[in-house]
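Comments concern the structure below.
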Amino acid sequence: MMMILCLETITCTLLFLSPFVTTYPAELEKGRRRVVHVMEDDTGAVIVQTAPGKVVTHRGGTITLPCRYHHEPEDVDPNRIRIKWTKVSDAFQFEDVFVELGRQQKAFGSYRGRLSLERAGPGDASVIIHNITLQDYGRYECEVTNDMEDDMGFVNLDLEGVVFPYYPPSGRYKLNFHQAEEVCRQQDAILASHAQLHKAWLEGLDWCNAGWLEDGSVQYPISHPRDQCGRKDSPPGVRNYGYRHKDDERYDAFCFTSNLNGRVYFLKRFKKVNYLEAVKACQRDDAVIAKVGQLYAAWKIQLLDRCEAGWVEDGSIRYPIVNPRTRCGGSEPGVRNLGFPDKKFRLYGVYCYRRNTDIQSTQAQKETTTKPANSTKSI
């Protein structure tokens with residue numbers, strides 16, 4: 001909910017309107033689009049409007065962060081208006097995203113070259129972000145300023161994707177916060193937020209090992225309470241250890257990844273291979289060995305279902321199951337993990353990843369090689 005107090009010199013009302021807005025009827029629809037005007041003498045008004053929800057996209061997509069403003073009187077010099085966008089983390093850290101003052105504007109950091117104002121009409125402070133990355137996920141503040149008066153509102157940018165628990169080959173509970181950030185990055189992911197982990201729990205994620213989240217807290221989701229995981233008689237939910245020491249304490253990690261700009265596939269071979277041979281096999285197929293996050297994204301988003309164990313980049317053996325069957329690891333869908341076997345002597349298949357640009361390049365090469373060598377063109 002957002003509350004704005006109108007003053008004599010300026011009234012700035014921020015409204016969030018977007019076709020990409022996703023809401024949850026049971027929680028938000030009750031007061032959606034309700035606008036209440038309360039006059040306060042002749043000095044202005046108080047306007048209350050319920051927030052419509054959040055904007056949702058996926059990695060690689062394009063999204064509009066909606067923000068509207070209105071001035072009273074309406075003949076305010078537009079060159080005196082400053083529009084500023086800031087990203088706000090769960091730990092209340094602020095990152096400059098974009099600022100415009102009059103005709104001058106600047107995008108900051110990784111947003112350079114990817115962000116622009118929508119300019120759909122007067123009073124539009126919305127921005128468009130292209131080629132969305134995992135790091136773009138989060139809460140954004142839109143601030144509009146005119147001389148001494150200003151107001152702000154918030155937009156939550158959510159990503160479609162999947163949360164997965166992760167621990168390294170060295171074993172469980174071996175990662176401090178900074179190492180957890182790094183292992184998620186190495187597996188094409190980021191540390192998950194509490195909201196992402198909670199959503200994954202609602203979808204059935206059950207994991208009995210505590211892991212770091214992006215805000216520095218340590219939590220774990222339990223769908224089926226049992227004595228080994230915080231007492232059998234305790235209710236299901238996301239268990240929370242609170243904020244822990246980022247350097248000294250060790251846990252696992254909960255990572256989050258989103259849409260792939262390519263595809264993961266099981267490489268068909270006549271014989272099984274060790275880890276080094278698996279890496280080379282993917283390279284010969286104009287691909288690379290798949291990362292854990294890429295395998296999870298392929299399972300969740302591309303519905304990859306393969307009942308064959310294979311090497312992935314971190315040296316573990318995994319396979320994705322969308323349609324559970326008895327001979328494929330049980331009754332629940334998920335990515336099966338067989339651990340970290342000896343890379344030199346154990347033999348398995350392999351999961352490879354090929355980017356879309358690599359797929360297009362390979363197709364072009366095949367078309368070139370199949371073209372008749374003596375073909376000529378008449379002029």
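Backbone N, Cα and C define each Cβ position, glycine as well.
Automatic prediction, not curation, is the source of TrEMBL annotations.
Note that the coordinates shown come from a computational prediction; the quantities given were computed from them, not determined experimentally.
Feature annotation from TrEMBL assigns disulfide bond to C208-C229, C307-C328. According to TrEMBL, the feature domain 'Ig-like' maps to 19-153. TrEMBL lists 162-257, 262-354 with the feature domain 'Link'. Per TrEMBL, the feature signal peptide maps to 1-23.
The Cβ of C229 (disulfide bond) lies under 8 Å from the Cβ of C208, Y220, I222, R239, each of these being in the same chain and 6 or more residues away along the sequence. There are 15 other CB atoms within 10 A of the CB of C307 (disulfide bond), with all protein chains counted. Sequence-distant neighbours of C328 (disulfide bond) (same chain, 6+ residues apart, CB-CB distance under 8 A): C307, Y319, I321, R336. Across the domain 'Link' (162-257), DSSP assigns 22 helix, 30 strand, 44 coil.
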